[in-house]
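Here's what TrEMBL has on this protein:
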DOMAIN    4-187  domain 'Josephin'
ACT_SITE  C17  active site
ACT_SITE  H127  active site
ACT_SITE  D142  active site
Amino acid sequence: MEEQKPIYHEKQRLQFCLLHALNNLMQEKDSFRRAELDAIAEKLLAEDPFKRQWTPLSLIFKPHHNVFTGNYDINVLIAALESRRKTVVWHDRRNEASSINLAEESLMGLMLNVPVRRYAGLWNSRHWVSLRSINRVWYNLDSDLSEPMPFENEEEIIQFLNNAIYQGGEILIILHDKLSVCQSVHL
């Protein structure tokens with residue numbers, strides 16, 4: 001009988017939720033590192049034909065991340081996953097989560113970007129969360145949780161995802177291999 005590896009789960013630090021969510025999705029410590037995500041953000045800025053004018057604050061508040069706290073954006077997420085030959089497909093939020101085929105063989109996991117309110121509602125932001133099926137059990141690998149939370153069944157996952165959509169969250173479907181756009185649209 002093969003021994004199962006423990007579920008990898010990084011905890012939240014500063015605003016590095018995207019870094020934690022990526023490593024939790026990949027189920028590997030340092031699958032992505034801060035330096036790599038920073039380099040991706042810088043490359044995106046260098047390639048942007050509409051880059052903003054430089055100001056002294058540009059040293060800290062960059063278009064794709066905050067130098068001190070992290071807080072990476074969707075562009076960094078997509079480029080990072082594509083660098084690992086993954087495909088990212090936006091879930092059409094006009095559809096309920098039941099339209100996502102959670103049993104699809106090429107489905108690696110889901111990334112959510114959800115609104116959060118902290119400090120008694122004084123600070124509004126967004127937070128990255130990964131969900132993944134491990135040994136045929138789906139887990140919420142949110143870095144704000146003390147440990148991975150298993151879902152009881154598919155209905156519970158769908159309810160969780162629908163709740164995220166209703167609260168203004170976005171769902172991204174992560175596929176194992178980089179596919180053509182035509183192939184990925186039918187998931």
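Residue positions begin at 1 at the first shown residue.
Cβ coordinates come from backbone N, Cα and C, glycine included.
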Cα distance (Å, whole number) from D142 (active site) to C17 (active site): 8
Local confidence of the domain 'Josephin' (4-187) - pLDDT mean: 80
Those active-site residues listed as C17, H127, D142, and which of them has the most Cβ atoms within 10 Å of its own Cβ: C17
Between D142 (active site) and H127 (active site), the C-alpha gap once rounded to whole angstrom: 9
